[in-house]
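Undergrad: Mind looking over this structure? Questions follow.
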Amino acid sequence: MPALAQGKAATLKIGWTSTDSAQDPYGIGAKLFKEKVEALVPGQVQVSLFPNRQIGDEKELLEGMRFGTVDMGVITNAVIANLETGFQVNDLPFLYADEAQARRVLDGPVGQELKDRLAKKGVIALGFMEGGFRSMLNNVRPVVNPEDVKGVKYRVMQNPVFIDMFASLGGNAIPMAWGEVFTAVQQGAIDGLELPVAVIDAAKYYEITKYLSLTNHTYSMIALLVSKRSFDKLPKDVQAAVVKAGAEATAEQRRIAGAQAQEIIVSLGNKGMKVNKVGNPAQFRGSVKAVYEKFRPTIGSALLDQTLAAVQ
Amino acid sequence: MSELAWVLSLGFAGLLLLGVPFVFALGITSLAGLMVIDIDIIVLAQRFISGTQSFSLLAIPFFVLAGDLMTKGGLSRRLVAVADACVRHVKGGLGMVTVLSATFFAAISGSAPATTAAIGSIMIPEMTKRGYSPEFAAALAVAAGIIGPVIPPSIIFVIWGVIAEESIAKLFLAGIVPGLLMSVGLCLASVRYAVRHDVPKEPRASAAEIGRAAWDGKWALVAPFVVLGGIYGGIFTPTEAAVVATVYALFVGLFLYRELKWRDLPAIVMGSMRTTAIVMFIIAAAAPFGWLVAMEQLPPKIAGGIAAISDEPWIILLSLNLLLLAIGMVMDNIAAMIILGGVLIALGRTIGMDPIQLGAMVSINFAIGMATPPFGYALFVGAAISRLSIERISRELWPLIGVLIVVLGLVTYVPAVTLAVVRLF
Amino acid sequence: MTAIHGLLEALSRTAGRATIFLVIAMTVVMTVCLILQVLFRYALGQALSWSEELALLMFTWTVLLAGSLGVREGFHVALTLLPDRLGPGGQRWLERLILVLVTVFGFYLAVSGWEFYDGTTGQLSAAVGYPIELLHSAALVSGALVVLHGLTRLVASFVLPPAPEARP
Ligand code: NA
Ligand code: NA
């Protein structure tokens with residue numbers, strides 16, 4: 001067996017679906033974890049990295065962790081929410097006011113509750129990392145007030161929270177496969193879309209989109225996850241190292257991703273995008289109240305109220 | 001090489017040689033691979049299903065169905081009539097009719113065997129009647145069929161777009177000039193044949209005759225504008241364009257040309273879905289295989305091996321193309337593309353090739369594989385229509401494949417051939 | 001043996017007919033979904049959130065069902081280098097060997113399909129909210145049909161006189 005030949009080092013395969021560039025928030029998180037855990041228990045564990053959707057999309061990676069066919073992954077909140085619907089709470093539009101608040105809530109009792117629920121499904125959350133806030137970009141007009149969204153065609157992911165959010169704001173939500181979006185914006189088939197700033201930069205949307213409005217409508221949480229089956233097979237000291245490295249990697253990933261988001265916003269402005277902040281965030285949250293109520297049953301009333309109290 | 005790598009490579013090759021269908025050779029090898037590295041076989045079902053859950057791949061059944069409906073609805077025949085009226089009086093004119101009507105049909109159909117079938121079934125008997133050898137007529141229909149998936153729309157470009165996560169609309173644009181170049185090259189080959197064998201010329205069509213053919217064929221002639229105009233006018237995605245083309249073909253066949261009957265539709269639909277199932281079941285079965293290949297981190301290793309051949313990118317590209325042509329001779333093109341996708345993308349990054357140009361090069365290479373003996377879908381169709389053996393067609397086919405390979409060379413070494421049109425949009 | 005073949009052939013034929021009916025019906029549904037998607041976007045300026053996901057559900061089923069039908073009808077493509085070099089007797093035994101391999105594979109696909117179905121129950125799809133079992137049972141059904149059609153042809157190869165037929 002190859003494991004014996006390499007002298008008993010346990011291997012952990014970690015997958016994510018975006019690139020392995022130095023700016024990618026998922027990649028940063030995975031690499032930090034590798035670095036830290038391999039330093040904590042030298043020679044006892046080896047982490048191999050699988051970026052670029054090499055071993056599956058996020059649904060498959062998450063399923064794989066439940067079955068024990070994939071060890072680890074960095075997975076977007078919305079995909080986890082399909083498995084454990086409590087996670088829908090993080091995707092509620094205009095929920096978190098800023099990064100600091102989101103981190104506080106996710107590190108507190110709300111985050112613990114989510115971890116406990118996910119563990120029951122065979123997946124352990126080592127930490128809640130940061131993909132950055134999602135913002136709107138388009139070619140019609142900057143979004144300052146909720147009315148500015150009206151009548152503008154935005155591409156959205158095929159996810160009911162996003163579709164309902166745009167519907168509540170009077171926008172025109174068009175679900176579209178990611179591969180076709182760039183051309184569609186370029187040719188004017190759609191007016192804009194919504195993305196984390198890091199992705200706007202990486203996918204070069206500044207070349208074809210005029211206005212970037214920092215709507216911060218969704219805090220995109222990305223979770224560092226490990227399969228419970230894989231975790232249980234590890235020796236006790238390696239398990240402890242995995243947990244510790246997960247927490248440390250999460251803290252550092254947040255710091256780096258947060259700083260990077262600010263730099264990217266400045267650079268997008270320099271590359272010609274007209275960047276603006278929204279007038280009054282509370283006004284936006286008011287416009288989408290219906291979405292909160294719609295998802296109350298699947299999130300769970302207690303968890304939703306607990307979260308709302310925590311962000312007041 | 002690891003134990004798994006041996007199982008995947010030798011197991012797959014052995015099963016293929018035994019005569020196990022591609023789809024099951026992939027499936028059985030994946031199963032064995034999972035057992036060897038002791039991973040739950042649940043991956044098999046998971047990947048079979050996820051391999052088909054792609055909106056872009058959903059274009060495939062509809063591009064197949066649209067092509068079939070156009071052939072059964074009389075559109076292909078009218079395209080041939082237009083080309084016939086325009087060029088039959090030239091030396092080698094009938095050969096050019098085959099090539100040009102295939103070129104036009106290519107702008108509707110996404111598949112090589114469908115193009116060979118649509119045009120070959122009309123033109124092989126016609127050319128044979130008027131002085132061409134049946135072998136050359138069949139070979140020309142097979143080679144012209146390759147234009148089908150090179151000019152957009154194209155099933156093979158759709159699949160590469162999904163594998164490489166590149167814009168399918170952009171990949172389509174990259175195929176236009178290579179497709180037209182193939183068309184020109186094959187027309188010249190027809191002239192050369194007619195001169196050498198002194199094939200008699202046909203009488204010139206009068207202007208009135210040309211006008212009548214064009215008017216009668218107008219609904220077929222506008223079809224490409226519906227498909228491509230829709231995609232590049234920013235109206236639909238390629239998948240939606242495929243569905244619109246299907247509905248258009250249905251409408252024209254049922255109500256304008258009235259050659260389709262409602263009662264024929266179930267059989268036509270089922271025929272198209274059988275074709276789709278051949279392609280898509282292979283894609284589904286290649287998904288667990290591809291997962292195992294990725295898990296072993298084989299693509300970067302193999303790409304590194306190929307890149308180490310030389311410091312000169314042009315030598316690497318030459319070797320790569322020769323390797324792919326050799327694989328395309330005996331392999332199903334879709335299975336080959338999925339298995340090698342990771343390697344090719346990694347290699348493209350290493351030598352710094354534009355991803356759209358790389359995609360066009362790989363797709364065109366494997367499209368040519370559908371004509372190369374001994375295993376090629378367009379070749380099988382040409383043999384079935386002409387009732388000639390593959391060996392007999394092959395002698396006339398190789399020079400025509402040479403023409404297609406010249407175009408592949410231009411695609412490989414002259415970026416403008418693929419990218420100039422992409423940059424226009 | 002003949003009685004077993006009679007029963008298997010009846011089952012296989014029925015399954016084949018049901019497959020053809022379902023595949024055609026689902027193709028119609030896919031077409032309607034996508035045409036509505038385009039119409040709603042341009043004529044009514046309103047995006048449908050369910051059309052794509054529903055069409056993809058149908059797509060997976062058409063592929064996995066029609067793929068299994070390929071075993072009954074023998075339309076899956078294979079290399080013929082070895083079979084071409086064998087006599088009729090050798091071809092017959094080779095065909096049987098291939099059918100055994102195909103049937104065993106179908107069995108494992110069904111087992112794997114059952115595990116996948118069983119391990120993911122209770123989830124809903126992202127957009128339409130259909131129970132995920134509707135999608136995840138496709139591999140189980142496809143594998144079971146491969147076994148049925150493969151076994152039927154295997155038994156037939158011992159019972160019926162040789163026919164110049166395509167391979168699986
Ligand atoms: Na085409
Ligand atoms: Na070939």
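Placement of Cβ uses the backbone N, Cα and C atoms for every residue, glycine included.
These figures come from a predicted structure and were not determined experimentally.
Grabbed the feature section from TrEMBL, which reads as follows:
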type	residues	note
TRANSMEM	B:6-36	transmembrane segment
DOMAIN	B:11-416	domain 'TRAP C4-dicarboxylate transport system permease DctM subunit'
TRANSMEM	B:48-67	transmembrane segment
TRANSMEM	B:104-124	transmembrane segment
TRANSMEM	B:136-160	transmembrane segment
TRANSMEM	B:172-195	transmembrane segment
TRANSMEM	B:216-235	transmembrane segment
TRANSMEM	B:241-257	transmembrane segment
TRANSMEM	B:277-294	transmembrane segment
TRANSMEM	B:314-347	transmembrane segment
TRANSMEM	B:359-385	transmembrane segment
TRANSMEM	B:397-422	transmembrane segment
Undergrad: Count, for each of B:6-36, B:277-294, B:314-347, B:359-385, B:397-422, the Cβ pairs lying under 8 Å from the transmembrane segment (B:48-67), and report the range with the highest count.
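TA: Between the stretches B:6-36, B:277-294, B:314-347, B:359-385, B:397-422, B:277-294 has the largest tally.
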Undergrad: Thinking of Cβ pairs under 8 Å, which stretch from B:104-124, B:277-294, B:359-385, B:397-422 has the most of them with the transmembrane segment (B:216-235)?
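TA: Most contacts with the transmembrane segment (B:216-235): B:104-124.
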Undergrad: Select the range from B:6-36, B:136-160, B:241-257 that forms the most Cβ-Cβ pairs under 8 Å with the transmembrane segment (B:104-124).
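TA: Maximum Cβ contact count belongs to B:136-160.
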Undergrad: At an 8 Å Cβ cut-off, counting only pairs 6 or more apart in sequence, do the transmembrane segment (B:172-195) and the transmembrane segment (B:314-347) clear the bar of 3 or more pairs?
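TA: Checked: the transmembrane segment (B:172-195) vs the transmembrane segment (B:314-347), no contact.
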Undergrad: Between the stretches B:6-36, B:136-160, B:277-294, B:359-385, B:397-422, which wins on the count of C-beta pairs under 8 angstroms to the transmembrane segment (B:241-257)?
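TA: The stretch with the most contacts is B:136-160.
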Undergrad: Which residues of the same chain, at least 6 past either end of the transmembrane segment (B:136-160), have a Cβ under 8 Å from a Cβ in it?
TA: 56-57, 59-60, 63-64, 95, 98-99, 102-103, 105-117, 119-120, 123-124, 127-128, 166, 168, 171-173, 175-176, 178-180, 182-183, 186, 189-190, 193, 227-228, 231, 238, 241-242, 245, 279, 283, 333-334, 337-338, 341, 359-360, 362-364, 366-368, 370-371, 376, 378-379, 381-383, 385-386, 388, 393-394, 396-397, 400-401, 403-404
Undergrad: Sort out the residues at least 6 away from either end of the transmembrane segment (B:277-294), same chain, that have Cβ-Cβ distances under 8 Å to it, and list them.
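TA: Here the qualifying positions are 4, 8, 12, 22-24, 26-27, 29-30, 33-34, 37, 43-44, 47-52, 57, 60-61, 155, 159, 332, 334-335, 338-339, 341-342.
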Undergrad: In this predicted model, what is the average pLDDT of the domain 'TRAP C4-dicarboxylate transport system permease DctM subunit' (B:11-416)?
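TA: Value for the domain 'TRAP C4-dicarboxylate transport system permease DctM subunit' (B:11-416), mean pLDDT as a whole number: 93.
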